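Enquirer: Mind having a look at this structure? Questions to follow.
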Amino acid sequence: MKKLNKSFWIGIVFAMVLYGVIQILLTTGIFDDVMESTLILICINVMLAVSLNLINGITGQFSIGHAGFMSIGAYVSAILTLNFDVPFVLALVISGLVAALFGVLIGIPTLRLNGDYLAIATLGFGEIIRIVLLNTEYVGGASGLSGIPTQTTWTIMFLFTLVTVVVINNFINSSHGRACIAIRENEIAAEAMGINTTLYKIIAFALGALFAGIAGGLSAHKFYVINPGSFNFLKSFEILVMVVLGGLGSTSGAIVGAIVLTVLFTVLQEYPELRMIIYSAILILMMIFRPKGLLGSTGFSFKKFAKKEAKPSDSINS
Amino acid sequence: MTASTAEVLLDVQQASRSFGGLKALSEVSLHINRGELIGLIGPNGAGKTTLFNLLTGVYPPSSGSIILNNESVGGMKPFRINRKGAARTFQNIRLFTAMTVLDNVKIAFHQHAKHSMFTSMLRLPKHFSGEGEITQKAMDILKIFNLADQFDELAGNMSYGNQRRLEIARALAAGPKLLLLDEPAAGMNPNETRDLMNLIAWIREEFDLTILLIEHDMSLVMGVCDRIYVLDRGMLIADGSPLEIRNNPKVIEAYLGQEA
Ligand SMILES: Nc1ncnc2c1ncn2[C@@H]1O[C@H](COP(=O)(O)OP(=O)(O)O)[C@@H](O)[C@H]1O
Ligand SMILES: [Mg+2]
């Protein structure tokens, strides 16, 4: 247990040094505003990828509706600061909790579904959220909300990212996180060993949604405008590709995947139509050359990607 | 002990289960007293595993009742039945293959964890004491099964025989009163089988267990079981002492019918 504690503190010290170095580069002007925006975007994507990894990589539930939770957080926090003068950080916390609540509400009916069916349900959830936002006058319809106070500073962003990574990693490396991994590994055996699999799937969904919601809030308060179009299926897919690139089931992998893809897209900003091709190419290349992801700990196959095992009726009887 | 005075741990009454048109189990009634080691035998496809699936909640019974420890558990979710004191192994091994040997056993201890999710997320002192206790208990179980030196290996990388033993260790870690073993010796050579049977007899004493053991090889259970139930085509065709079963014409017929 001491060892666990030690690696935890090494991580914290590393994060602080990283923060300090970047802070120096920013204040001395070596890193300009564009660079700062990129760094913040990287952190937002790290939050999204690490939280999605908890659902897909750790618990083995194939969700592709993460942009939906992100948009809930973005809209809730923006309305709170714009219309109700709620302090920024409080607005972020509330937006995360609302997203988590949606995670629970969506999770209860859909988590009975397996693999592909769950994927379709979560995809549908993301699209429903987007279409509701699109048709709601109060949140600006298609043009969305603008004039959101740009309160997401590099320091706040870094702190929230650090908290996300630490809390999720602490969860994963505990008996509760192991319960989630057991569900991924063999749901029938997990249930037979006393794990309330439904409860832990919902917990994973809620925790993932919580941090995706906060990431959405931070994003809204960085980029000034939000509209339903920025939380479409492509965004959900992008987060999924980050997780797969890094390696399903690995938090450090999700971080690396988020950094690599964000940098790649910032460099290729002028060619947005290339994104879809790049996503597909990455997925195919990963499957062929690095099925476990750049840093992955668990095998990546389409089966694992979607779900963990055969349906109960297939093989329980023999 | 005599069956009449001993306390009944498991009481199954008229349990049936159909899959579509197939009646996998019809009106099976049996009971197990505390401390007994009972064999459940029968040819392939007789419904032995299906009975286990009903007892552990994988499927609800189509009809009939299952009483475990004076409580009706028929149709209860598997994790609840496990917490009520029935733990099982699977005929086709179901380990958490990408987890370590130690973590496999720790999963079964999770239901007894004393630290909440939030103490873990914030790494409060309770997290460390709770995790420490689980690790300690899991290592103790691994030592009993001679698996302690492989605690850090992935379960999927272990030898077949050790995987079977690990599954029993994991079931034991849940702290059951009733241990259900589904063909634990399947695929083992005679030496491994003998060791396993000795181990089962030993843990039964050590952990004060009641055991229901599925085996389709009749000779294997004869030596260790107090009583034996025989299933054939979903129906209970005989029960009694190993000697009675060995000489029961119905049983002989069921087995001959299969091998012929
Ligand atoms: N989930 C299921 N769906 C359909 N048929 C099943 C299912 N489970 C078991 N069966 C059938 O029930 C019968 C008994 O199977 P089983 O209990 O596995 O036998 P045993 O363990 O005695 O070899 C078999 O004919 C099997 O095909
Ligand atoms: Mg069987």
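Counting starts with 1 at the first residue shown.
Quick reminder: no glycine exception, Cβ is built from N, Cα and C everywhere.
In case it helps, TrEMBL gives these features for our protein:
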TRANSMEM  A:7-31  transmembrane segment
TRANSMEM  A:37-55  transmembrane segment
TRANSMEM  A:62-82  transmembrane segment
TRANSMEM  A:88-108  transmembrane segment
TRANSMEM  A:115-133  transmembrane segment
TRANSMEM  A:153-172  transmembrane segment
TRANSMEM  A:199-219  transmembrane segment
TRANSMEM  A:239-265  transmembrane segment
TRANSMEM  A:277-295  transmembrane segment
Enquirer: Test of understanding: applying the rule of at least three C-beta pairs under 8 Å (pairs 6 or more apart in sequence), is the transmembrane segment (A:7-31) touching the transmembrane segment (A:62-82)?
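Expert: No, the transmembrane segment (A:62-82) does not contact the transmembrane segment (A:7-31).
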Enquirer: Using a threshold of three or more Cβ pairs below 8 Å, and leaving out pairs closer than 6 in sequence, do the transmembrane segment (A:88-108) and the transmembrane segment (A:199-219) count as in contact?
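Expert: The transmembrane segment (A:88-108) and the transmembrane segment (A:199-219): touching, yes.
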Enquirer: Among the recorded stretches A:7-31, A:37-55, A:88-108, A:153-172, A:239-265, which has the greatest number of Cβ pairs closer than 8 Å to the transmembrane segment (A:277-295)?
Expert: A:239-265
Enquirer: Taking contact to mean three or more C-beta pairs under 8 angstroms, with sequence separation of 6 or more, is the transmembrane segment (A:7-31) in contact with the transmembrane segment (A:88-108)?
Expert: no
Enquirer: Cβ under 8 Å, sequence separation of at least 6 from the ends of the transmembrane segment (A:37-55): give me the contacting residues as numbers and ranges.
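Expert: Non-local partners: 22, 31, 61, 63, 66, 70, 152, 154, 157-158, 160-161, 164-165, 168, 171-172, 180, 204-205, 207-212, 214-215, 218-219, 222, 239-240, 242-243, 246, 248-251, 253-255, 257-259, 261-263, 266.
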